[in-house]
Amino acid sequence: MSNSPEIGSRTRTRAIMEKYGIRTKKSFGQNFLTDLNVLKNIVEAADITANDNVIEIGPGIGALTEQLAQAAGEVLALEIDQDLIPVLKEVLSPYDNVKVINQDVLQANLPELIKKEFKDPSRPIKVVANLPYYITSPILMNLLASPVEWATICVMMQKEVAQRLTAKPGTKQYGALTLAIEYQMQAKIAFDVSRKVFVPSPNVDSAIVVLTPRTNPLPVQPFDKQKLFGFIRGCFAHRRKSLWNNLQSVIGKDPAVKEKMTAVLAQLDISPQIRPEKLTLEQFIELANALHRQNLL
Ligand code: SAM
């Protein structure tokens, strides 16, 4: 380690930005974290040990990367902004367990990168990131769709999105995103982060969400995962309307279809007048499966 203050300190961040003439890019969602306590708490919430391989999405100027390098076995950081690559190479040069590559995470073949870039790909793989807010959901959906078995996904996001990820049925934050996460993971908010600790300061507060694989398997499996989530999104298209109205938009209004839908709902003991946000994931799966059996999905 060099004698300079750590990258995440305000003074060092300012010095790095000045030295390399860095102007943050809004188009890449660049808000750099400048609070060492918060950075260290993120590493702790992610439970990073020397036996872990970490993938960091969007290292920026390396504030979180440096903390990860001190705790993890190896760190692979994917940064879309090529202007930051030479900066990262230089500021992270004291750490020989970090690799930085110029890569859009949404275009990345993660299983291949893991095989190619980590010396020991068999170690637990954890994702840690201060996510670019404009693509939080697509990044999460990509991570979950990937065949990689993530040991932990510990990510900072806009507080309002964090609340959607961890919402309970019947609340206004509960929706298709909550259910997509719940299908595979357990989500909890580790702590909130004030907008004031970023450069530049965004106009929303943030929260750290920790996702870990489900420990309890789902009691029912969907007939088709992709179709299930297409169906769920359709059911939430008009949140203020009843499940029945949403089902009519998704499936159809034909009298024969309506008759079958009525029978399916009665059989599952689900009121047609219920709002979609009252249904649990298990109920959505049962409903989709039953509609599929009637050739309606
Ligand atoms: N990790 C740094 C920190 O905490 O200070 C920077 C976080 S900043 C909110 C988000 C970072 O993600 C930026 O460095 C941005 O360039 C990068 N980024 C944005 N879109 C990306 C993408 N599609 N793939 C990889 N990195 C991306």
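Note that Cβ sites are derived from N, Cα and C of the backbone, with glycine treated the same way.
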Additional site residue, ASN41, ASN51, ASN130, ASN142 [criterion: listed by TrEMBL with ASN31, LEU33, GLY58, GLU79, ASP104 for S-adenosyl-L-methionine]: ASN130
Local Cβ density at GLU79 (S-adenosyl-L-methionine binding site) - other Cβ atoms counted within 10 Å: 25
Least buried by Cβ count (within 10 Å) of the binding-site residues ASN31, ASN130: ASN31
Other C-beta atoms that fall within 10 angstroms of the C-beta of GLY58 (S-adenosyl-L-methionine binding site): 22
Among the S-adenosyl-L-methionine-binding set ASN31, LEU33, GLY58, GLU79, ASP104, ASN130, as the record gives it, the longest Cα-Cα distance in Å: 20
Residues that sit under 8 angstroms from LEU33 (S-adenosyl-L-methionine binding site) by C-beta distance, when 6+ apart in the chain: GLY8, LEU39, GLY60, ALA63, LEU64, ASN130, MET156, VAL197, PHE198
Model confidence over the domain 'Ribosomal RNA adenine methylase transferase N-terminal' (38-215) (mean pLDDT, whole number): 97
